[in-house]
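**Q** In case it helps, TrEMBL gives these features for our protein:
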{"type": "TRANSMEM", "residues": "7-31", "note": "transmembrane segment"}
{"type": "TRANSMEM", "residues": "43-64", "note": "transmembrane segment"}
{"type": "TRANSMEM", "residues": "85-108", "note": "transmembrane segment"}
{"type": "TRANSMEM", "residues": "114-138", "note": "transmembrane segment"}
{"type": "TRANSMEM", "residues": "150-167", "note": "transmembrane segment"}
{"type": "TRANSMEM", "residues": "253-275", "note": "transmembrane segment"}
{"type": "TRANSMEM", "residues": "287-307", "note": "transmembrane segment"}
{"type": "TRANSMEM", "residues": "327-349", "note": "transmembrane segment"}
{"type": "TRANSMEM", "residues": "356-373", "note": "transmembrane segment"}
{"type": "TRANSMEM", "residues": "379-402", "note": "transmembrane segment"}
{"type": "TRANSMEM", "residues": "409-430", "note": "transmembrane segment"}
{"type": "TRANSMEM", "residues": "436-459", "note": "transmembrane segment"}
Amino acid sequence: MSLIRQIAYNTGVQISGKLLSTALGIAAIMIMTRTLGAEQFGWYATATGFLQFVGLFSDFGFTVTTSNMLSEPRFDKTRLLNTIFSWRLLTALIFNGLAPFIFLFLPYPAELKYAVFTLSLSFFAIALSQIFFGYYQAKLRAGTLVVGEIFGRTALVIGTALVAYFGLGLMPIIWLISGAAILNLIYLWSNAPAVRLCFDREISRALYTKIWPNASAVLLNSFYLQGDRVILPMFVAQTTVGLYSAAYRVLDIIIQISALTMGLLMPLITTAYMSGDRLEFQKRCNLSLNLTALITLPMLAGGMALAEPIMRFVGGAEFGASGPILRVLMLAVFGVCLGMVFGHINLAINRQRQALWIYGSDALLSIIGYFIFIPRYGITGALTVTIFSQIYAGILLMALAYRAGKLSLNFLPLTKIILASALMAGALYFTPPYNLAIKILIGIAVYGASVVALEIISWETVKAILAKSPVVIKPANEV
């Protein structure tokens, strides 16, 4: 199987799986929003926002570090996996165990505090799953990740529908979310090599050396990525929090898809860089930027053009007010695209330490901005700082990767992708107000035709993806 075909297959499996998983997640959110209403959905968003902040704060970059270290020939793979898993288990127990007790001191109702205690089980399971995500990404076994996620999401949708039917309220939904995460962990664990507790000294030392810059970066990321979701509920009504969080779910989907794409490409970039093959390294960096943009930028354009109908579809009539929030929030996607691509490239070329000042300054500016603008301007203040923080990080990470990696990228394909996305947005804006499904089909058709007409993807690449045997790919500055 050729490299491009292998990347396309694994990316396609994960993207297809993510689309199905996202559809199931949207179905669950649709049921929740209609069952709970904006205020109680705001309670749910406050609880998850706090735990997501703690989860990202204690993430330490285990997923990408696992994938990265398993791509290196230095250590025995079984002992390496066991050691990384053991450290993830220990850190997850500490942070996810303490989080609910910290929340007790915040001025929220008792039911919300109980929800945080229950949801902490979900985030503990997700923390352990990170190791298996990294393992399957390194092995290019996208199918296992997809099946596990769909398995958990299906259970969540069925359970949420039953809760809504019987009118059981918020807490049973919280229990279902935790149960779905645990089911996903069980599936991923059962299909991986047997893991056991192991704290190999040499591997632990190498892990610490590798992970501390990334852990510091992720810790700082937690402030500018999740700070708004923790600070906003302190100054606005829970109904407003619900509207903001519903719109943010769409941005989360785009971030997840970008992370999946770069998670697949990361081992390939690392291998090319460590082998000293400059030409292959440049090609894989080009591929990373173009493929991520090809997937995310049309989502930006479509999200801006169809913001209100998307939110009415997701949350019902009450959440139509989230449409303007989503339209503004989509401006952050360009920064997300740059940050995801060049952040992973910096990690692949071991420039995590040099990137720390970027994350640190972004975290500081964001926290200051949130506390200045949210009390005065509410959602508008949160949106402004969020967009700034994503674009700020994306541009500076690109500059660092360009200098440290001596990159020589061709931005013509990216320019064409932006043009194709703009053409799609224009078509959606000027077409009559059909229902959402028809609008989406029109957008797909226009974007697909634009991609072909602008020659963003060449016939050589298409043949390489579809070929039954390896195909020699002519060098091209394309996706």
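Each residue, glycine too, has its Cβ placed from N, Cα and C.
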**Q** Which stretch, 43-64, 150-167, 436-459, tops the Cβ pairs under 8 Å count with the transmembrane segment (327-349)?
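**A** Ranking 43-64, 150-167, 436-459 by Cβ pairs under 8 Å to the transmembrane segment (327-349) puts 43-64 first.
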**Q** Are the transmembrane segment (43-64) and the transmembrane segment (114-138) close, by which I mean at least 3 Cβ pairs under 8 Å that are 6+ residues apart in sequence?
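**A** Contact criterion met.
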**Q** Counting only pairs 6 or more apart in sequence, are there at least 3 Cβ pairs under 8 Å between the transmembrane segment (409-430) and the transmembrane segment (253-275)?
**A** no
**Q** If you count Cβ pairs under 8 Å, which stretch among 253-275, 287-307, 356-373 touches the transmembrane segment (436-459) the most?
**A** 287-307
**Q** So if I exclude everything within five residues of the ends of the transmembrane segment (287-307), which remaining residues of that chain have a CB under 8 angstroms from its CBs? That is, six or more out.
**A** 4, 7, 11, 15, 250, 253-254, 257-258, 261-262, 265, 269, 323-324, 326-327, 330-331, 333-334, 336-337, 340-341, 344-345, 409, 413-414, 417-418, 420-422, 424-425, 428-429, 436, 439-440, 443, 447, 451, 456, 478-479
